[in-house]
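Here is the structure we will look at.
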Amino acid sequence: MPRTSLLTLACALATGASAFSYGAAIPQSTQEKQFSQEFRDGYSILKHYGGNGPYSERVSYGIARDPPTSCEVDQVIMVKRHGERYPSPSAGKDIEEALAKVYSINTTEYKGDLAFLNDWTYYVPNECYYNAETTSGPYAGLLDAYNHGNDYKARYGHLWNGETVVPFFSSGYGRVIETARKFGEGFFGYNYSTNAALNIISESEVMGADSLTPTCDTDNDQTTCDNLTYQLPQFKVAAARLNSQNPGMNLTASDVYNLMVMASFELNARPFSNWINAFTQDEWVSFGYVEDLNYYYCAGPGDKNMAAVGAVYANASLTLLNQGPKEAGSLFFNFAHDTNITPILAALGVLIPNEDLPLDRVAFGNPYSIGNIVPMGGHLTIERLSCQATALSDEGTYVRLVLNEAVLPFNDCTSGPGYSCPLANYTSILNKNLPDYTTTCNVSASYPQYLSFWWNYNTTTELNYRSSPIACQEGDAMD
């Protein structure tokens with residue numbers, strides 16, 4: 001979600017200047033620096049949680065987030081991952097087994113890096129919370145979704161006239177639906193109950209291509225994914241250190257991985273996690289890379305069929321862009337899972353490493369850092385820009401990709417204002433490169449062969465609010 005740049009925040013607050021103003025040319029004193037020389041984004045634990053931890057904006061290339069002065073956004077197509085959540089039941093089982101080993105020594109005084117355990121309690125109240133979106137703490141999932149909707153109202157509110165009913169779309173999974181509802185409340189405000197129409201799209205395989213969550217059950221490129229070990233040498237070092245500080249725990253490298261998974265979820269429910277400091281920065285770097293491998297080989301470009309899965313959304317959004325707001329509409333807000341966004345990026349051909357990621361070491365500098373791609377609440381926004389002529393570009397329609405509120409250049413197509421891509425070029429590139437989903441994934445001819453719900457939607461408000469109690473471990477897909 002949009003955040004004011006730390007670089008200029010103090011100046012903007014003090015003077016009312018633009019967030020991109022650089023302030024006075026002459027410092028107030030000879031010792032005062034106009035710009036800080038300290039940048040610590042790479043040390044942020046939020047960038048090494050993989051897809052488990054709270055939302056954070058993508059590290060940008062410095063391209064202005066606002067549209068260029070010669071342009072106006074006239075259409076927005078967004079897909080957002082659900083907000084921050086508790087671990088899944090399967091992850092919870094592994095976490096509880098690792099914690100059982102930690103507590104097996106029956107000590108009254110933990111030592112060293114685990115000294116905080118003398119006062120710590122597990123943040124999951126009981127097993128019914130597994131899978132659920134979090135509602136407590138400053139990083140809570142539902143709070144994230146509401147704030148995001150509110151931020152996008154400020155950014156894109158001009159695309160709604162305040163009167164028409166706007167459809168928005170969620171896959172049929174409990175926490176995804178709740179994210180969509182909270183986002184809708186944030187965006188539409190008092191008008192949510194009357195002017196927003198939530199459409200829930202089943203996650204069933206029989207939906208074929210008419211889905212936010214298309215599947216590829218004939219996938220024949222899962223060997224690497226199926227054999228990932230989720231281990232790097234640093235986890236053995238961590239296990240040895242913790243075992244030496246508190247003898248008798250007998251933690252293994254696998255236990256360390258599961259404890260780090262637990263730690264990476266804790267901030268989703270609490271404002272602070274002592275578990276972060278139980279592991280070193282280097283160990284967190286290794287953990288983040290292990291998560292990168294998981295997404296890359298299981299739901300990203302490391303699986304050759306994922307581009308075809310993502311082509312469903314990429315191709316349908318291309319149709320919207322070419323139809324434009326007058327024919328198709330201006331606002332398309334969609335909600336799904338992390339592993340539905342990564343195939344879309346693969347289909348678009350962005351953030352693709354030059355070679356497959358190595359399994360035995362961290363590939364520093366590779367573009368596939370999942371903490372920058374799909375953290376909790378992560379989102380990909382496609383902007384259609386209507387631009388006036390400038391000294392560098394012609395009047396016309398352009399396309400911009402924005403990933404987690406950072407402009408993501410569309411590979412080599414950056415000749416437009418604000419490094420955008422001319423719509424005609426964007427169209428040509430995708431038409432040439434997008435694989436065919438139904439052929440690649442051998443989709444049954446009895447299933448829908450293309451995405452149609454953006455054009456065939458309901459305008460009723462009956463699904464805007466839940467009508468039943470929250471079930472234990474809610475998260476099962478709805479048919």
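Every residue gets a Cβ built from N, Cα and C, even glycine.
Now, the feature entries from Swiss-Prot:
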type	residues	note
SIGNAL	1-19	signal peptide
DISULFID	Cys71-Cys387	disulfide bond
ACT_SITE	His82	active site, nucleophile
DISULFID	Cys128-Cys472	disulfide bond
CARBOHYD	Asn191	N-linked glycosylation site
DISULFID	Cys216-Cys441	disulfide bond
DISULFID	Cys225-Cys298	disulfide bond
CARBOHYD	Asn315	N-linked glycosylation site
ACT_SITE	Asp338	active site, proton donor
DISULFID	Cys413-Cys421	disulfide bond
CARBOHYD	Asn458	N-linked glycosylation site
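Feature annotations (Swiss-Prot) mapped to structure.
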residue: Cys71; record: disulfide bond; DSSP (3 states): strand
residue: His82; record: active site, nucleophile; DSSP (3 states): coil
residue: Cys216; record: disulfide bond; DSSP (3 states): coil
residue: Cys225; record: disulfide bond; DSSP (3 states): helix
residue: Cys298; record: disulfide bond; DSSP (3 states): helix
residue: Asn315; record: N-linked glycosylation site; DSSP (3 states): helix
residue: Asp338; record: active site, proton donor; DSSP (3 states): helix
residue: Cys413; record: disulfide bond; DSSP (3 states): strand
residue: Cys441; record: disulfide bond; DSSP (3 states): coil
residue: Asn458; record: N-linked glycosylation site; DSSP (3 states): coil
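Sorted by the number of other CB atoms within 10 A, the disulfide-bonded residues Cys71, Cys128, Cys225, Cys298 start with Cys128, the lowest. Reduced to three states, the DSSP call for Cys387 (disulfide bond) is strand. Recorded residues Asn315 (N-linked glycosylation site) and Cys441 (disulfide bond) have their alpha carbons 16 Å apart, per Cα-Cα distance.
By a simple count of nearby Cβ atoms, those within 10 Å, the most crowded of the glycosylation sites Asn191, Asn315, Asn458 is Asn315. The Cβ of His82 (active site, nucleophile) lies under 8 Å from the Cβ of Glu133, Gly141, Ala145, Tyr173, Arg175, Val176, Glu178, Thr179, Phe335, Ala336, His337, Met376, Gly377, each of which sits 6+ residues away along the same chain.
Cα separation, Asp338 (active site, proton donor) to Cys298 (disulfide bond), rounded: 12 Å. A simple way to gauge crowding: the CB of Cys441 (disulfide bond) has 22 other CB atoms within 10 angstroms, across all the protein chains here. If you compare Cα positions, Asn191 (N-linked glycosylation site) sits closest to Cys71 out of the disulfide-bonded residues Cys71, Cys128, Cys472. Closest to Cys441 (disulfide bond) in space, going by CA atoms and restricting to the recorded positions Cys128, Cys225, Cys298, Cys387, Asn458, is Cys298. Put simply, of the disulfide-bonded residues Cys225, Cys298, Cys413, Cys421, Cys472, the one whose Cα is nearest the Cα of Cys216 (disulfide bond) is Cys298. Counting other Cβ atoms within 10 Å of each Cβ, the disulfide-bonded residues Cys387, Cys472 show the lowest value at Cys472. The most crowded of the disulfide-bonded residues listed here (Cys216, Cys413, Cys421) is Cys421, judged by how many other CB atoms sit within 10 Å of its own CB.
Cys387 (disulfide bond) sits 32 Å from Asn458 (N-linked glycosylation site), counting Cα to Cα. Reported as a whole number, the C-alpha separation between Cys225 (disulfide bond) and Cys128 (disulfide bond) equals 29 Å. Under the three-state DSSP scheme, Cys472 (disulfide bond) falls in the coil class.
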